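Colleague: One structure coming up, written as structure tokens, with questions to follow.
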Amino acid sequence: MMNKASGRSFTRSSKYLLATLIAGMMASGVSAAELVSDKALESAPTVGWASQNGFTTGGAAATSDNIYIVTNISEFTSALSAGAEAKIIQIKGTIDISGGTPYTDFADQKARSQINIPANTTVIGLGTDAKFINGSLIIDGTDGTNNVIIRNVYIQTPIDVEPHYEKGDGWNAEWDAMNITNGAHHVWIDHVTISDGNFTDDMYTTKDGETYVQHDGALDIKRGSDYVTISNSLIDQHDKTMLIGHNDTNSAQDKGKLHVTLFNNVFNRVTERAPRVRYGSIHSFNNVFKGDAKDPVYRYQYSFGIGTSGSVLSEGNSFTIANLSASKACKVVKKFNGSIFSDNGSVLNGSAVDLSGCGFSAYTSKIPYIYDVQPMTTELAQSITDNAGSGKL
């Protein structure tokens, strides 16, 4: 049963009014409950791009009739039907986006697996086991969607049931775990875990002599989206991690947009794109990157990919990459037609690293918000790791 949680004290104390309200809610199949945690009312922190040129409050202004507890996909989509009204949706347990019915082909998966999150919404997991499987959360600005908060949930990356074949590039999957697209803006992602989970890349089969790839991105931000903060989150066991700006020719939509802050996140056993950026301006500080250049499944390739007109300011990050020597430190940043990258105060395998000689021009844009980069130490890296991801809010 989907519960519409009150989350507010009543303005009148009349027992009669309270009894009438509860009776009406029970008659409609919805029972009254309390807002489980005031953390659902929190706005994005002032640190990060989501605080700029406006605010990111999600569903904090929700009235009592737009606060929900949901336990399955039917209840979740019903709660989302409130549209742009402020709403808080509390996730209890596992939401199987497929509803337990396997996808039959590309068209079926496209129709049922992509869940659009409307404006003025907070989605927050309850406890330590809130989870989405077999689908994607989409924040799509086509209809003006903005002001969205996603917190304390685990998302298992979707498995494409019918990948498409591209000559020269092999089999490619379509679906991301999360996608912020088409001009969506003011989005805060916090204490979220995204992982390949129980279907890792070594479980791929082959088809027509080539690897049958069934995972795409973990969290992509593209097509003119803007003012995004990602904090205290974990991306674990994945290849194509985070694409910011989807291609080199989309300057009309992307130029001057795609401002993204990443802080206090952990990227564990991710192969690449943490992130790869075109056109965007990325601030990445006090994040932890863990990998192995000889990992048999998720072989570390690079963290920051600098694409066309993209720029990254990296500060106080920790790179613990097995089988990557200090002499090859520049492998943490890769040039893809881009030229702007700076790093200050980061460490590689426990020692200070100098990335100034990696062939990039300095990042000179002003960061408009006040922030505090903590000196990266082994203890800080462990603290960030211990705090990152779902179930730790």
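For all residues, glycine too, the Cβ spot is worked out from N, Cα and C.
Positions annotated as active site by Swiss-Prot, on the basis of sequence analysis: ARG273. For GLU174, ASP176, ASP216, ASP220, the entry in Swiss-Prot reads Ca(2+) binding site, with the evidence type similarity to another entry. What Swiss-Prot records for CYS330-CYS358 is disulfide bond. Marked as signal peptide by Swiss-Prot on the basis of sequence analysis: 1-32.
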Colleague: According to DSSP, does ASP220 (Ca(2+) binding site) sit in a helix, a strand, or coil?
Modeller: strand
Colleague: From the Cα of CYS358 (disulfide bond) across to the Cα of ASP220 (Ca(2+) binding site), what is the distance in angstrom?
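Modeller: The Cα atom of ASP220 (Ca(2+) binding site) is 26 Å away from the Cα atom of CYS358 (disulfide bond).
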Colleague: How far is it from ARG273 (active site) to ASP216 (Ca(2+) binding site), counting Cα to Cα, in Å?
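Modeller: Answer for this pair: 12 Å between alpha carbons.
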Colleague: Within the chain of CYS330 (disulfide bond), which residues six or more apart in sequence place their C-beta under 8 angstroms from its C-beta?
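Modeller: Spatial neighbours, sequence-distant, of CYS330 (disulfide bond): LEU355, GLY357, CYS358, GLY359.
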Colleague: Select the most exposed residue of ASP216, ARG273, CYS358, where exposure means the fewest other Cβ atoms within 10 Å, treating these as the recorded positions.
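Modeller: With the recorded positions ASP216, ARG273, CYS358, fewest surrounding Cβ atoms within 10 Å: CYS358.
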Colleague: What does DSSP assign GLU174 (Ca(2+) binding site), in three states?
Modeller: coil
Colleague: With an 8 Å cut-off on Cβ-Cβ distance and a minimum sequence separation of at least 6, pull the same-chain contacts of GLU174 (Ca(2+) binding site), or say none.
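Modeller: When sequence neighbours closer than 6 are ignored, GLU174 (Ca(2+) binding site) has PHE106, LYS110, ASP160, PRO163, HIS164, ASP216 within Cβ distance under 8 Å.
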Colleague: So for ASP176 (Ca(2+) binding site), how many other CB atoms are inside 10 Å of its CB?
Modeller: 26
